[in-house]
């Protein structure tokens, strides 16, 4: 926070937030980093940011938003928090040498002292460590912070250490320090105005210090932990909202604390992007509407042209059927001749001999394969048997280890029991000597007490003699009774001693039997537990053995089903992929169909009608070229629009037809005149291996290639004009060159091209394949259905995979449980047998140790007799003693002040005498029973040692057995490995034999094929077959001339091939010929514009392109708009949630501090808190509501403190430093604030500088600051401790 006279640091932390120090940790004026997201302060930077468009994707923008900051600490009881233990100042400001300030209390510490003594230097020292600039510590530069006085001059540096630790609060002032949580942060300033930071003695940068303190909850960003002198009332006086981008009001202050301020910048970015996308979308929408209007205008002519092409296609189909019918009839005749040839079969002796040899070789190889398979099966069986042996040995190993574990545990228990028995032996041996010492010591003490009793009785008698006149009668009666009581006392003591001795003898006599009964009870309980465990595990094994086969069977079925489903999924995915490619190819084919103009359309119509045969079509439509060369060939080849015909005569007929119909003019290429170019079409050597355009053209009919050479000649294509220039002007020859951009260099040297538009689209990139739009729609529907089915299969597969995983897990768990329970059954059986034996032994021991009934009865009768005797004597003595006490009490009441003290001494001595008598009796009983107990303990030692030897032998035997099992297992593993090593060689031999067998089979098949070929080579039928084949060839040629027109976006339809059944159904081919004539007549009557199809298609493609662009930008706009709305809602929700918590706590705090006032944070605009900001309104007690600016100094202070404590409730900070926050408060309010700090904020450490006694008197720790000889010193006291000792 700033010093006096400045704006409050909580309201202006952006301006005061210091930049980080240099990377090496040394700087001339280091200070904290400003909070993230608020680093740009100059206006120019803000303007630049607003002008530049953020082109990041929506995902990148959303991912760049940091998450809400986690709380560094909580208000929960028992939660750890940070506290300052003490501060060490070394030559800092007024502190010379090393001065320790503290220790500070975990809750409430007050710093007091006279003005000018250096109180504020305590906070300056903390600001110095926390990285504030020298100006913020009331100094011009860092070197001024070094102490300088008459006694201490020329000091080169000053250092401040702030020591921290993390604690967990307990009741009262107590707390628990979290282990290894202590650390300290120090900063050293030197004379050259540089400073360095250390954390626990290690040199660090300020960034490291800041991260460490922030991680422990110290709010360096908002400085809420620091309120300096004179600024407390200004915290609540912030404006509702900052007036500029870099100003901060109450709204921005709360936003940063709540954490929703991180969303402000992304919201601005998304808002700007939505505005820009709306503008772009409007442009795209206008383009769509324009293209749609143009497309609709062409639809009528397009439909007429399609009808014409459909009729022509029907003519071609019927011609195709007639030709196929003739081919089918000829093929039937050829098939009949082939049947005759097959009947003629020559015996081939050589082939049969070879076949017999191969058959014998196959038998031999089959025998070798069977022998090898026997070896392979034998080794495999051996490996499996060894694996089963290893599994059995592994189970035995588990059982032996369980037994060994039990025996080892038993040995340890016996060792402990032996140690205890030996200790008892030593104890019983020492009992007689100890008891005699006790008797001697007690007797000596008893004698001394008797003497002391006589003295005290004499003193009592003397006192009573002095009071004889007043109590003479009572005294005589009391003396008489006391004499009588003394006679009874000796009898009571003797009777009690006899009774105690008799009772001890009875207890000792019965102790061994009672111990045996206790051991038997424990053993029976262990036996019951072992039996129940064994029963449960056997039941579990039966249950698992029943469920495991079912689970395995279900798992196998599900795995097979999953495998089948996986294969089905793969097939469907492949099918969908192939179908998708076909659909895309069909759509592309429809989009690439070109229309023809009126002239070309009319010429093609004549061709279809048969009136002018020999017409091929437009040259550009008869070939294809890569899209890369589209501009080049469209620019340099004007002949692409020429019409190709068979001969010049046909070309002349076409010219005459155009003249008669007055349709227009056209240029024709006659193929009969193109043969002269055949020799020049071969590949040639070109400069720089530049490609020749002619070589790049693809054609369906090779006759057309001559026409393309006529049109292109040796024109070369270059990447750019520079290359074209180099290639065109060669020394020995000039070339005609065209660039990819359409620029042409002629052989004469002239150059053409350039301009704003280029020519393209006169030749397609692929040969046209006709397909209908209906077929495309069917393919798309099929693709959609197959995709849905693939998705369903995928979902079924996921569910099945989950079921298989669960079944595998269940199977594995059952197998492990079965193996573990099976291995433990034997151990439990042995344990049950052992416990049965132990119970029997203990039952025998109980019987053996059973006391003699007569002796027990005799001892019990002795105890009863002595007790009766004691009760009778005690009753008589009790009556006398009661009478003595009555008389004594009567006398005491009369002479209470004079006799009470003396009587108390006498009573105390009597009590000690009774204790001595009891001790002597117990010691005598112990001496009598020591020998008997010693013998029992020694017997127990011998039994335990024998059991230990037996157990050790059992451990050795089990260890040897375990070693033997391990050796057997190692041998089994060795044999298995040896067998597995030999397995690959035999497998390889087996594979080689199978391969040889396969070769023999292939040779045999080849021999059979040769035999069949020889049989078919009969010359007597070849002449007839050749004649029919010649006719078939003719009709095939006629079919090859037929091609269907591509119509709209339908897939290009291939000429259909009729099945034999369809061809058999044709009875009269002449009727089809008549139908063809009728269709041709209809076509001749129509006058369509075939170019309308291409024009309509172009407009439709453009329309779909524009619609796709519009959909794309609409989707993008909607995505950004939705993200914008979501972020605004998230920001509002986060802010209002924190706002309600803070304002409710503020109201509660203010009411408590003012004893009846009211305060709240109000939304200036209730619909949008971010538009006008937050207003702080206050109603002091017994006053009306007022704005914060209209309050007195004390009222502002209370309001600010209420807000500070409300923010602490919402976002706790472990430390608070406050400098004279009570300066503007009266006596009453100071007490209220002090009491509130003491009682309500128990989860934070408050260090307050105060001169008000009703503030610092209530604190838990006082830090006194005073100055002598220009040096500040300190002393820490605990006011409550001083008050409890009565020192103040």
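Glycine residues also receive a Cβ, built from the backbone N, Cα and C atoms like all the rest.
For 113, 114, 115, 116, 117, 118, 119, 120, the entry in Swiss-Prot reads ATP binding site, with the evidence type sequence analysis. Residues or ranges marked as coiled coil by Swiss-Prot on the basis of sequence analysis: 272-588, 767-1020, 1109-1129. Per Swiss-Prot, the feature compositional bias 'Polar residues' maps to 1-10. If you look up Swiss-Prot, you'll see 39-48 marked as compositional bias 'Low complexity'. Sequence annotations record features per position, and here Swiss-Prot assigns domain 'SMC hinge' to 613-727. Swiss-Prot lists 22, 28, 41, 50, 143, 982, 1056 with the feature phosphoserine. For 39, the entry in Swiss-Prot reads phosphothreonine, with the evidence type a large-scale study or a structure entry. Positions annotated as N6-acetyllysine by Swiss-Prot: 381, 679. Annotation source Swiss-Prot lists region 'Disordered' at 1-55.
Everything Swiss-Prot records as a feature, shown here on the structure.
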residue : record           : CB count, 10 Å
113     : ATP binding site : 21
114     : ATP binding site : 11
115     : ATP binding site : 7
116     : ATP binding site : 10
119     : ATP binding site : 25
120     : ATP binding site : 23
143     : phosphoserine    : 19
381     : N6-acetyllysine  : 11
679     : N6-acetyllysine  : 7
1056    : phosphoserine    : 12
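Other Cβ atoms within 10 Å of the Cβ of residue 117 (ATP binding site) number 19 in total over all chains.
Its Cβ taken as reference, residue 118 (ATP binding site) is surrounded by 24 other Cβ atoms within 10 Å in the chains shown. Other residues of the same chain near the ATP site, with their Cβ within 8 Å of the Cβ centroid of 113, 114, 115, 116, 117, 118, 119, 120, are 1265, 1266, 1267, 1272. Annotation note: residue 381 (N6-acetyllysine) sits in a helical segment as assigned by DSSP. Secondary structure of the domain 'SMC hinge' (613-727), assigned with DSSP and counted as helix (H, G, I), strand (E, B) and coil, comes to 64 helix, 18 strand, 33 coil. Across the coiled coil (1109-1129), the model assigns an average pLDDT of 90.
All protein chains included, residue 982 (phosphoserine) registers 13 other Cβ atoms within 10 Å of its own Cβ.
Of the recorded residues, residue 120 (ATP binding site) and residue 1056 (phosphoserine) place their C-alpha atoms 103 Å from one another. Annotated pair residue 116 (ATP binding site) and residue 1056 (phosphoserine), C-alpha to C-alpha distance, rounded: 112 Å. In this structure, the CA atom of residue 982 (phosphoserine) is 99 Å away from the CA atom of residue 114 (ATP binding site). Here the candidates are the modified residues 143, 381, 679, 1056. The one whose C-alpha lies nearest to that of residue 114 (ATP binding site) is 143. Residue 118 (ATP binding site) sits 18 Å from residue 143 (phosphoserine), taking the C-alpha atoms as the reference points. Per Cα geometry, 143 is the residue among the modified residues 143, 381, 679, 1056 nearest to residue 119 (ATP binding site).
Under the DSSP three-state reduction, residue 114 (ATP binding site) is assigned to coil, being neither helix nor strand.
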